[in-house]
């Protein structure tokens, strides 16, 4: 019989809510509740935007002690479990975002859209702004089967737009 994995102390303050939510989510799933799974899922729960593998690593508390390979494995496992989704950005870097467990199985979530800011490279889910737009399923060659359709709207987010309007430096380093 193996002994349970030692769990780090529960974070205090604002960090406790994502940590507790991550533990509960894993318990409800019937999955093993391990320290790396809790820490990585808590990062996604606490983030309002899709995160790259590196962003997850940068967000993890130092005491988590989770290596890069484990982060990749846990993120892929979360996708397989329907807790997270994985999509490639325009820069071909995968980004991971939290999905509601029930919505992960619903067609409406699989066909949701994103907004990608071309200045700061952040990606936002658009569902919060209202119902996702109906995306026509493209005609595919005979024998092909469409599993889902993604729509990414590219532009400038509100934060970058404010910086631009305020006359701050542009990405090329020039001021207006």
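Residue positions begin at 1 at the first shown residue.
Even glycines carry a Cβ here, placed using N, Cα and C.
TrEMBL: automatically predicted annotations, no manual curation.
Taking TrEMBL as the reference, the stretch among 1-20, 21-40 described by the feature region 'Disordered' is residues 1-20. Counting every protein chain shown, the number of other Cβ atoms lying within 10 Å of the Cβ of residue 120 (Zn(2+) binding site) is 13. Proximity of residue 160 (Zn(2+) binding site) to non-local residues of its own chain (separation of 6 or more, Cβ distance below 8 Å) is seen for 117, 119, 120, given in sequence order. Apart from 117, 120, 157, 160, the Zn(2+) site neighbourhood in this chain, defined by C-beta within 8 angstroms of the site C-beta centre, holds 118, 119, 121, 122, 156, 158, 159, 161. According to DSSP, residue 120 (Zn(2+) binding site) sits in a coil region rather than a helix or strand. When secondary structure is read from DSSP and collapsed to three states, residue 157 (Zn(2+) binding site) falls in the coil class.
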